[in-house]
Amino acid sequence: RMFHDDELEESEKFYVGQPRVLLLIYALYNTLVARSEMVCYFVIILNHMISASMITLVLPILIFLWAMLSVPRPSKRFWMTAIVYTEVAIVIKYFFQFGFFPWNKHVDYTKDKPYHPPNIIGIEKKEGYVHYDLVQLLALFFHRSILKCHGLWDEDEKGDSSSNKEDTDDELSLRGGRRDSSASLKSVNLAASVESIHVHFPEQQTAIRRKSSSSISQLSHRSSFSSHRSKRDIFKNINHTTLSLYFLQCKLCVIKSHCGLCCFRTLQVYVPIRQFFYNLIHPDYSAVTDVYVLMFLADTVDFIIIVFGFWAFGKHSAAADITSSLSEDQVPEAFLVMVLIQFGTMVVDRALYLKKTVMGKVIFQVILVFGIHFWMFFILPGVTERKFSQNTVAQLWYFVKCVYFGLSAYQIRCGYPTRVLGNFLTKSYNYVNLFLFQGFRLVPFLTELRAVMDWVWTDTTLSLSSWICVEDIYAHIFILKCWRESEKRYPQPRGQKKKKVVKYGMGGMIIVLLICIVWFPLLFMSLIKSVAGITNKPLDVSITITLGGYQPIFTMSAQQNQLKSLDPNEFNEFLKSYSGNTAALQFLEGYAREDITRADLEGNSNSLWTISPPSRQKMIQGLLDFDADFSLVISWTIQRGSIHTFCLCPSSATGVSLQPRSCLTQLGLCSPCRTLEEMYPYYIKAPSDSLAKPIKQLLRDCKWENITVSLVKNTSEEWWVLNQLGKRQKTTHESLELFIFSDKVSPPSLGFLAGYGIMGLYASVVLVIGKFVREFFSGISHSIMFEELPNVDRILKLCTDIFLVRETGELELEEDLYAKLIFLYRSPETMIKWTREK
């Protein structure tokens, strides 16, 4: 050991010997100390999410546009601004809590109004108005103490004074030689709040550099990066010269003109901001990083939040389901706008990433920060008619967006990577990357959209078809590389048969899957109603009887109390009555007691018979003509809760018996009760997706029931009265009885599948899946040349070389390598040589 200390060793042993819980507390505290600025950011954002006011809006914007963009860390000026601003906000909120302000007299009435001015500003009276501000102030003081302990609190002032000493020796000699003569023109000290700006003469500086480079041959090894940096410094110095001279002119005009004073004060604010963003876009040193994947994941999470919580961004706050809205062919406006905006930002972010333009990313960051904050805290509350602090989904979306803003600021501060090579899922060759990459390729249109966007925003000489060809080859080779690596990790000895675990595990699973796909429609349609079916009882049962197309003679409906379910005793007696009827019992097996409804219809028609005298006489003549057909139509309508079933079924079109026909000829008198034989359907089946039909299995000898009809006349009014013969429910008054057997309906969540039916499911699901399965099992012989490659390292390296030369701007070499790749796939002999094992 180079250094030994007994006390340090004893301290280390004492620390290791502590309980794990205490060690965990130590680790959490050290993490808190190491990331104390992130704690401050989190508390500030949380305070703004809870308060959602203009007072708390300032600091989050400063975080994303100042603190997180500062290199290498936020300056002392930012932390002092945050501390002072928090203290002032606490005092302001405390001052406006007094009750003598007029808006504090009706707090209960105005506390939920999003556009009430005190609520927008953040000065409303409420309980715990300052709790989060105190926590925020505590976090800021904690971070300040950490910086002071490590000597970083006053580092910025030292850094500013030492940063001016980065000039080369020739620049220092230039300043030393001309300091006395032109000090007032070369350097203008604006104020303490503005950094010192030194004005240099680029022509003389360039001349001295040229002279020094010609006299000192040891500096010839400077890289192109240093020369580019010197050109950038010259450009920076030119801008500084112009601004400094303008500052000097403004200082001279302060006394003479008030406008000059205003201009000078404006430039005092403008120049540091401009210099900050200029240094950000043109950094002296760049720690290149790539967090695009994390930004994409944050945007994806926000996209999912929008899809499943779109109702929170609309006017109505009631929870809704996007699947139900889409099933009704309704696209909510809030959902459409949010999806388009979110998708558009993802596309723009991808374009900036491919172009590697930091300036564009800075502009995009500024627009997004101001735009999203303005929309979330000023527009959205008016749209949803509730405060942002009461919208949980919007708060979650905003928090994830803040994570995205932090990642974007980190990307801007560090700079974009110089090379973007392949997909981030293709960095390793294991099962996890393999399955994730294949899942990525299965997402509809995602692979195609990514390929086209990469081609549009990447400098290349390849056409779109050639680009897609390279991408497809690279994806295929990556998959083969993952399988080859897995074969190396888990080798299979030669001459050894496959284990039963593999055969029955993989093969058995495929067999079960294929069988389930083949018989899925039958199993689904049989189980959807028997197991998960819902009883859908009728709400209204109506019957109408019409003679020969004339005005109906009888109309009646049953609702509410007139629709009754069978009790257990009645249901058992109903089943016993068909004990010897096999067809009836087979039909009744598909129905439970709650599926049967008895409708009790009043025998008196609910409408008067108001036929005109000419039509009356014509109808009587038609009944007297026994050689012509005269129809009597009985129609019924059954209305249920979620499904409406309407049926119009004629009881007989020809061959009406003579007895009812002769009795109906006496329509002009108050006729006695007459009998219509085999005219009334006693049992009706109400299926879920077709017309209601009579049930012949339950009829005696397949004959319909008999009913009696009579015409009642009262002065100038007349109506028909019907009565059913052989009712199960014995009643003394005239009435009709009708039994409705309702089929179970599928639950709403599976209704979209059940609506296709068995043949529809076979045509839309089974055949489509079968096509993909057939493509997997057939045509393998045609792809052996490209699938059975023992070693794909050379092809994979050729693809990565194409990506590399494209990123470095060697476009001619890109064409050559692409031609080599195409020739390789056109030449089987060359492919065999390239893919041999080493």
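The backbone N, Cα and C atoms fix where each Cβ goes, glycine too.
Database features (TrEMBL):
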TRANSMEM  14-32  transmembrane segment
DOMAIN    34-154  domain 'Piezo transmembrane helical unit'
TRANSMEM  39-66  transmembrane segment
TRANSMEM  78-96  transmembrane segment
REGION    155-179  region 'Disordered'
REGION    205-224  region 'Disordered'
COMPBIAS  213-224  compositional bias 'Low complexity'
DOMAIN    289-526  domain 'Piezo THU9 and anchor'
TRANSMEM  291-314  transmembrane segment
TRANSMEM  334-353  transmembrane segment
TRANSMEM  362-384  transmembrane segment
TRANSMEM  396-416  transmembrane segment
TRANSMEM  428-444  transmembrane segment
TRANSMEM  464-483  transmembrane segment
TRANSMEM  504-528  transmembrane segment
DOMAIN    564-837  domain 'Piezo non-specific cation channel cap'
TRANSMEM  750-773  transmembrane segment
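If you look at the transmembrane segment (428-444), the same-chain residues 6 or more away from its ends with a CB under 8 A from one of its CBs are 475, 478-479, 481-483, 485-486. When each of 14-32, 39-66, 334-353, 396-416 is scored by its Cβ pairs under 8 Å to the transmembrane segment (78-96), the top-ranked stretch turns out to be 39-66. With a cut-off of 8 Å between Cβ atoms, the residues of this chain six or more beyond the transmembrane segment (39-66) that come close are 32, 74, 78, 81-82, 85-86, 89, 92-93, 119-123, 132-133, 135-136, 139-140, 142-143, 276, 365-366, 369-370, 373, 377, 381, 387-389, 395, 398-399, 402, 405-406, 409.
The recorded stretches the transmembrane segment (396-416) and the transmembrane segment (14-32) do not share 3+ CB pairs below 8 A when only pairs 6 or more apart in sequence are counted, and are therefore not in contact.
Using the rule of three or more Cβ pairs under 8 Å, pairs at least 6 apart in sequence, the transmembrane segment (362-384) is not in contact with the transmembrane segment (14-32). Listed by sequence, the residues of this chain that lie at least six past the ends of the transmembrane segment (291-314) yet keep a Cβ under 8 A from its Cβ atoms are 320, 322, 332-335, 337-339, 342-343, 345-346, 349, 353, 380, 383-384, 391-394, 396-397, 400-401, 403-404, 407-408, 410-411, 424. A mean pLDDT of 85 is what the model gives for the domain 'Piezo THU9 and anchor' (289-526).
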